[in-house]
Amino acid sequence: MSTYRNRKMSHNYNDIPCGVVAVQRLARSCCPQLRCNKLTIFKVSTFLLTYMAYTCYHMTRKPISVVKSVLHVNCSSNVVHNSSSHDCGYAPFDGSNAQALFAILDSAFLFSYAGAMFLSGFVAERVSLRYFLALGMIISGVCSYLFGVAKTWSIHSMAYFVYIQACAGVAQTTGWPGVVTLIGRWFGKAKRGLVFGIWNSHTSIGNILGTLIAAYYVEIDWALSFMVPGIIIALCGFVMFLFVVDSPEMVGCNPQGPAAAVGRDAANESDIEDNERSKSRPSERTPILDRSNPQLNSIQRPISLKDALHIPGVVEFSLCLFFSKLVSYTFLYWLPLYIQSSSALGPTLSADLSVVFDVGGIFGAIVAGLISDLTGMSATTCTVMLFLAAPVLLLYQQFGNVSVFMSIFLLINAGFLVNGPYALITTSVSAELGQHSSLEGNAKALATVTAIIDGTGSIGAAVGPLMAGMIASRGWQDVFYMLIISDILAMLFLVRLVKKEYHKFRRSTRTRIE
């Protein structure tokens with residue numbers, strides 16, 4: 001029993017997923033001579049599982065932007081209002097105030113998301129991330145399903161839609177702190193920008209999948225545009241519950257390299273067997289942070305929000321992300337409708353064309369991460385991309401409707417330059433600041449720092465679509481002016497950090513020459 005307790009204190013959670021246990025037993029029984037690098041296997045599985053998870057989170061956010069075009073339809077002025085053929089969409093969005101109602105829906109999700117994000121990071125540091133993510137994904141799926149089922153049940157209450165969106169916003173806050181913390185724990189610091197850049201493509205892939213699924217059903221039965229993604233994310237949440245491992249220490253791995261973990265393989269097999277036997281003792285199996293060792297908790301105590309704000313760079317990158325995410329999420333929620341209103345394309349083709357923005361975002365995230373790795377100048381990388389994004393946004397507004405080819409070309413470049421800094425800040429930069437040297441090795445800060453940065457950015461993400469809905473009634477040109485100004489402000493908040501990186505670069509160059 002004492003040996004069991006000593007092993008238990010080496011990590012926070014003594015709850016190895018049953019799916020992992022089953023796979024390991026199957027591997028031992030079918031291929032007893034097989035020898036694999038355990039650390040590599042768990043790294044790959046964590047990478048794929050978190051990628052799948054956040055792809056699903058974004059997949060369920062996208063349908064609303066596609067379905068707006070059928071929830072409200074511009075009625076012909078020569079149609080008699082008493083005619084049975086008159087159809088302006090789905091009530092309550094079939095009136096002249098549809099744009100304002102859409103803005104309220106977007107705000108219900110985004111403001112609840114932004115507000116709950118700060119609390120979510122606090123909770124994520126103190127509970128099992130496996131339970132945290134699985135529950136969040138299942139609840140997100142239920143909310144998406146309930147939004148779509150409103151058509152099936154003929155629900156026309158605005159309060160219903162607002163409530164569902166607000167609940168979805170809270171549930172979705174489980175995603176980002178959870179997946180970033182898992183990746184940070186398993187991958188350490190080596191080549192983090194490139195790893196995160198590739199991994200962060202899940203955001204754009206989720207947007208693309210959500211758009212394509214919603215577009216497929218939007219003119220057939222828009223309820224399915226929400227219900228199908230809802231079912232998918234709930235099923236994937238169950239997969240996360242079966243296979244996600246909270247930390248390398250749980251399975252006897254060292255994230256810094258395989259060599260340090262090899263000597264613990266035998267002990268890990270015994271640990272799994274002990275875990276199975278302990279299922280009859282619920283007091284020894286809990287997803288909540290273990291508090292049986294006060295000395296360990298005093299060393300690895302989660303930091304407060306106030307302490308996290310004192311980490312150098314957290315405030316600057318948070319404010320930069322406020323405006324960067326404002327631009328990105330305005331495109332996320334309004335681009336299909338803008339394309340339809342500024343061209344002759346229908347709802348399905350407008351939605352399909354909008355995915356080009358996210359395709360550019362995939363390459364932007366990878367390139368930004370790679371440049372950050374090579375130069376060590378993440379603030380400068382973000383600043384240069386933000387500087388170039390402003391004229392591209394203006395060019396898209398002026399010439400995006402000239403031809404489909406021109407629209408695709410400008411959208412790819414806009415997505416590349418807008419989402420590149422956004423992806424770099426929310427992934428590599430957040431992970432780096434969450435493990436800053438000023439924390440003196442405290443590993444209980446990553447989710448908190450991530451939540452502060454992404455939570456601040458999410459407030460901007462809520463403000464952007466709301467302002468776009470209000471300004472769009474006066475003309476889309478004013479919306480783009482708002483986006484360009486936001487882009488410039490995001491760049492200005494990084495000026496101090498850019499100067500710091502420049503001086504550091506000059507010192508290192510001078511040292512190499514000498």
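Glycine is no exception: its Cβ is also placed from the backbone N, Cα and C atoms.
In TrEMBL, annotation is done automatically, which means it is predicted and not curated.
Since we're looking at a predicted model, the values are computed, not measured.
What TrEMBL records for 275-288 is compositional bias 'Basic and acidic residues'.
Marked as domain 'Major facilitator superfamily (MFS) profile' by TrEMBL: 49-502.
According to TrEMBL, the feature region 'Disordered' maps to 262-294.
Among the features that TrEMBL reports, transmembrane segment is placed at 41-60 (among others). Outside the transmembrane segment (41-60) by six or more residues, the chain places 133, 137, 140-141, 143-144, 168, 172, 175-176, 178-179, 182-183, 186-187, 199, 202-203, 205-207, 209-210, 213, 226, 229-230, 232-233, 236-237, 239-240, 243-245, 248, 251, 253, 255 with a CB less than 8 A from a CB of the stretch.
Sequence annotations record features per position, and here TrEMBL assigns transmembrane segment to 100-124 (among others).
Nonlocal intrachain contacts for the transmembrane segment (131-148), taken as residues 6+ away from its ends with a CB within less than 8 angstroms of a stretch CB, comprise 53, 56-57, 60, 63-64, 123-124, 161, 164-165, 167-168, 171-175, 178-179, 222-227, 229-238, 240-241, 244, 287. The transmembrane segment annotation in TrEMBL covers 131-148 (among others).
Listed as Cβ neighbours of the transmembrane segment (160-182) (distance under 8 Å, sequence separation of 6 or more from its ends, same chain) are residues 46, 50, 53-54, 57, 60-61, 64, 104-106, 108-113, 116-117, 119-121, 124-125, 129, 132-133, 135-137, 139-140, 143-144, 146-147, 150, 244, 246, 426-427, 430-431, 434, 446-447, 450-451, 454. According to TrEMBL, the transmembrane segment annotation covers 160-182 (among others).
The annotation transmembrane segment is assigned in TrEMBL to 194-218 (among others). Sequence-distant contacts of the transmembrane segment (194-218) (same chain, six or more residues past either end, CB-CB distance under 8 Å): 47, 50-52, 54-63, 65-67, 69-70, 183, 187, 224-226, 228-229, 332, 336, 347-348, 351-352, 354-355, 358-359, 361-362, 365-370, 372-373, 415, 419, 423-424, 426-428, 431.
Outside the transmembrane segment (224-245) by six or more residues, the chain places 16-20, 23, 42, 45-46, 49, 52-53, 56-57, 59-60, 62-63, 66-67, 129-131, 133-138, 140-149, 182, 209-210, 213-218, 251 with a CB less than 8 A from a CB of the stretch. Look at TrEMBL and you will find 224-245 (among others) tagged as transmembrane segment.
Look at TrEMBL and you will find 314-335 (among others) tagged as transmembrane segment. For the transmembrane segment (314-335), same-chain residues at least 6 beyond its ends with a Cβ under 8 Å from one of its own Cβ atoms are 61-62, 64-65, 106, 110, 207, 308, 354, 357, 361, 379, 382, 386, 389, 393, 414-415, 418-419, 421-422, 425-426, 429-430, 433, 449, 452-454, 456-465, 467-469, 472, 479, 483, 486-487, 489-491, 493-494, 496-497.
Annotation comment: TrEMBL describes 355-372 (among others) as transmembrane segment.
The feature transmembrane segment is assigned by TrEMBL to 379-396 (among others).
The transmembrane segment annotation in TrEMBL covers 402-424 (among others).
According to TrEMBL, the transmembrane segment annotation covers 445-467 (among others).
Per TrEMBL, transmembrane segment is recorded for 479-498 (among others).
Comparing 100-124, 355-372, 379-396, 402-424, 479-498 for CB pairs under 8 angstroms to the transmembrane segment (445-467), the maximum falls on 100-124. The largest share of C-beta pairs under 8 angstroms with the transmembrane segment (402-424) comes from 355-372, of the ranges 100-124, 355-372, 379-396, 479-498. Away from its own ends, the transmembrane segment (479-498) comes close to residues 313, 316-317, 319-324, 326-327, 330, 334, 338, 377, 379-380, 382-383, 386-387, 389-390, 393-394, 396-397, 418, 421, 460, 464, 467-468, 471-472 of its chain (Cβ-Cβ under 8 Å, at least six residues beyond either end).
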